[in-house]
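Encoded as structure tokens, the structure appears first; notes follow it.
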Amino acid sequence: MKKIIKYVGVIALGNILIKMLGFIREVAISYKFGASPITDAYLVAFTIPLILFQFLGVGYATSIIKVLSSLEEKVQEKRVFISRVFSYTLLTSILLLFLGLVFSKPIVKIFSPGLEPQTIELASELLRLSMPMVISSMIIAISSGILQYSNKFAIDVWSNLPNNLIIIISIVCFSGIGGIYAVTLSTVIGSLTILLIQLPFSLKYGLNLRLDFKVDENLNKFVKILIPATLLSMVQMIGALINRFIASFMENGSISILYFADRLYNLPYLVVVMAITTVFFPKLVSLFNNNELAKFKIYVAGLFKVIIILMTSIAIVMFVLRQELVEIVYQRGSFSKEAVSLTATCFGIYSLGIIFLSLRELFIKIYFCLNDTKILLMNSLYMFLLNLILGIVLSYFYGIYGLAASTPLSVLISSLYLYKNLKMSGYLNVNKFFLIKYLMISCITFVVAKVFLEIFYRYTDNLLLIVTVISFIVISIYGSLIWIFRLIPKFK
């Protein structure tokens with residue numbers, strides 16, 4: 001357990017540094033270009049190849065870990081399996097690169113049809129420039145799966161550090177000369193840097209670059225796991241794309257506002273929850289494969305409690321301090337006060353769903369351990385349709401705020417459905433008194449945070465001081481009550 005906690009800490013620390021650099025990158029972009037058509041064009045072009053890495057990265061890692069775990073000590077069979085995965089991945093990425101280069105403008109129109117003609121033209125040019133990321137990103141997806149299976153989490157995470165640093169340097173030093181084109185090119189270089197750092201380690205731990213297009217049982221098993229894993233990973237990204245699609249019909253800058261709010265909202269989820277689920281997933285797979293079901297259920301219940309406790313305190317801080325956090329991060333340069341106000345409200349709406357987003361990630365990992373992908377696929381389909389319907393309806397009545405609300409609402413319903421099924425199947429047993437105490441503690445902490453925020457504004461308008469003190473108060477009160485009521489889970 002100490003080793004697992006150490007791995008979680010290493011990943012969390014790496015993610016914190018990466019996200020800090022990511023926010024510096026976002027601040028630099030917002031300062032240089034603001035919430036403008038230029039930023040909209042960059043975000044659309046940057047998002048399309050990034051989608052492949054974000055959903056394939058998780059899907060590949062999950063699938064590779066599952067197949068390699070089933071092969072145990074069969075070293076040669078593992079090498080052959082990885083070789084065939086690499087071969088078909090390379091072939092697919094080359095095809096995607098060709099399609100992106102040839103059909104860049106139609107692709108941009110599909111993703112954001114409401115953009116102005118000049119913005120679409122710029123976005124299509126930037127997309128052609130960024131498409132080589134597809135090849136490097138898909139090879140990184142394989143490499144990450146191998147490194148996670150080998151418990152080399154530090155290499156997998158920390159290799160991403162130079163990426164944002166390269167983009168920041170390009171914005172500061174070269175955007176005056178090359179404009180948004182220089183920023184896009186640096187994004188491609190950053191992706192290539194990740195691959196070059198990971199490659200020596202992943203080759204050592206099993207990456208096989210030999211081309212082999214034969215199909216066998218292991219490759220078929222990989223594909224059967226990859227399809228639902230990929231579809232599930234797509235759900236969150238599709239939600240963002242639906243919002244971006246609808247936002248393209250709104251005022252200029254709407255895409256940027258939702259993007260900046262989403263980036264801030266996703267920070268604790270990516271830092272905390274992804275670290276926990278990434279490290280514990282191989283352990284859960286091992287317990288289930290070895291038929292240690294009693295211990296498996298203890299880990300599942302413990303992880304549920306850990307995530308809900310950690311993410312609730314974070315959600316309270318995010319919602320109560322939504323305006324202050326956005327002002328600290330984004331209010332500078334070309335980012336206007338109106339844009340800050342809109343971003344803060346959208347960020348606050350997003351923060352209401354972070355607990356359920358986090359629990360959903362845990363539930364997905366559990367269902368993959370159980371080899372039950374059918375329920376996940378159905379859940380993903382319903383979530384996609386619900387997000388689409390809510391996005392259209394709510395944006396019609398409430399504009400950009402309604403559009404922002406569609407994501408947490410769909411995640412809420414999806415998570416409750418998965419929770420109910422896990423509980424009915426007997427794999428997740430949570431005492432109702434735990435939930436009652438947890439809700440009571442959360443309400444008390446929220447009220448105290450709001451009261452102290454009002455008091456502090458009578459004496460100071462120093463945003464950094466206010467955020468620091470209120471966050472400390474929330475963590476102190478919430479943590480103390482959790483300890484007093486003995487809600488801290490134990491893994492035996």
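Using N, Cα and C of the backbone, Cβ positions are placed for all residues, glycine too.
Unlike curated entries, TrEMBL annotations are predicted automatically.
Beyond its flanks by at least six residues, the transmembrane segment (7-29) meets 39, 42, 151, 153-154, 157-158, 160-161, 163-165, 167-168, 171-172, 183, 260, 263-264, 267, 270-272, 274-276, 278-279, 329-330, 332 of its own chain at Cβ-Cβ distances under 8 Å. Here TrEMBL flags 7-29 (among others) as transmembrane segment.
Annotated transmembrane segment per TrEMBL: 41-65 (among others), in sequence order.
The transmembrane segment annotation in TrEMBL covers 85-107 (among others).
The annotation transmembrane segment is assigned in TrEMBL to 127-149 (among others).
The transmembrane segment feature in TrEMBL is assigned to 161-182 (among others).
Annotated transmembrane segment per TrEMBL: 188-205 (among others), in sequence order. Residues 53, 129-130, 132-133, 136-137, 139-140, 142-144, 146-147, 150, 152, 155-156, 159-160, 162-167 of the same chain lie 6 or more positions beyond the ends of the transmembrane segment (188-205) yet place their CB under 8 Å from a CB of it.
The transmembrane segment feature in TrEMBL is assigned to 267-286 (among others).
For the transmembrane segment (298-321), same-chain residues at least 6 beyond its ends with a Cβ under 8 Å from one of its own Cβ atoms are 265, 268-269, 272-273, 276-277, 280, 283-284, 287, 347-348, 351-352, 354-355, 358-359, 362, 366, 422, 427-430, 434, 438, 442, 445-446, 449-450, 453, 466-467, 470-471, 474-475, 478-479, 482, 487-492. Positions annotated as transmembrane segment by TrEMBL: 298-321 (among others).
Through the fold, the transmembrane segment (341-363) approaches residues 236, 257-258, 260-262, 264-265, 268-269, 272-274, 276-277, 303-304, 307-308, 311-312, 314-315, 318-319, 322-323, 325-327, 330, 400-401, 404-405, 407-409, 411-412, 414-416, 418-419, 422 of its own chain, all at least 6 residues removed from its boundaries and within a Cβ separation under 8 Å. Residues or ranges marked as transmembrane segment in TrEMBL: 341-363 (among others).
Taken from TrEMBL, the feature transmembrane segment applies to 375-394 (among others). Residues 228, 231-232, 234-235, 238-239, 242-243, 246, 364, 367-368, 402-403, 405-407, 409-411, 413-414, 417-418, 421 of the same chain sit 6 or more residues outside the transmembrane segment (375-394) yet have a Cβ under 8 Å from a Cβ within it.
Look at TrEMBL and you will find 439-457 (among others) tagged as transmembrane segment.
The transmembrane segment feature in TrEMBL is assigned to 463-485 (among others).
For the transmembrane segment (85-107), the residues of the chain that approach it from at least six positions outside its boundaries are 48-49, 52, 64, 120-121, 124-125, 127-128, 131-132, 134-135, 137-139, 141-142, 207-213, 219, 222, judged by C-beta separation under 8 angstroms. Same-chain neighbours of the transmembrane segment (267-286): 4, 7-8, 11-12, 15-16, 19, 23, 61-62, 65-66, 69, 148-149, 151, 153, 296, 299-300, 303, 306-307, 310-311, 314, 318, 354, 357-358, 361-362, 365-366, 368-369, counting only residues six or more beyond its ends whose CB sits under 8 Å from a CB of the stretch.
If you look at the transmembrane segment (161-182), the same-chain residues 6 or more away from its ends with a CB under 8 A from one of its CBs are 14, 17-18, 21-22, 24-25, 28-29, 32-33, 38, 41-42, 122, 125-126, 129, 189-191, 193-194, 197. Counting same-chain residues at least six beyond the ends of the transmembrane segment (127-149), those with a Cβ under 8 angstroms from any Cβ of the stretch are 44-46, 48-50, 52-53, 56-57, 59-65, 68-69, 82, 85-86, 89-90, 92-94, 96-97, 100-101, 104, 107-108, 155-156, 181, 184-185, 187-188, 191-192, 194-195, 198-199, 201-202, 205-207, 278, 281-282.
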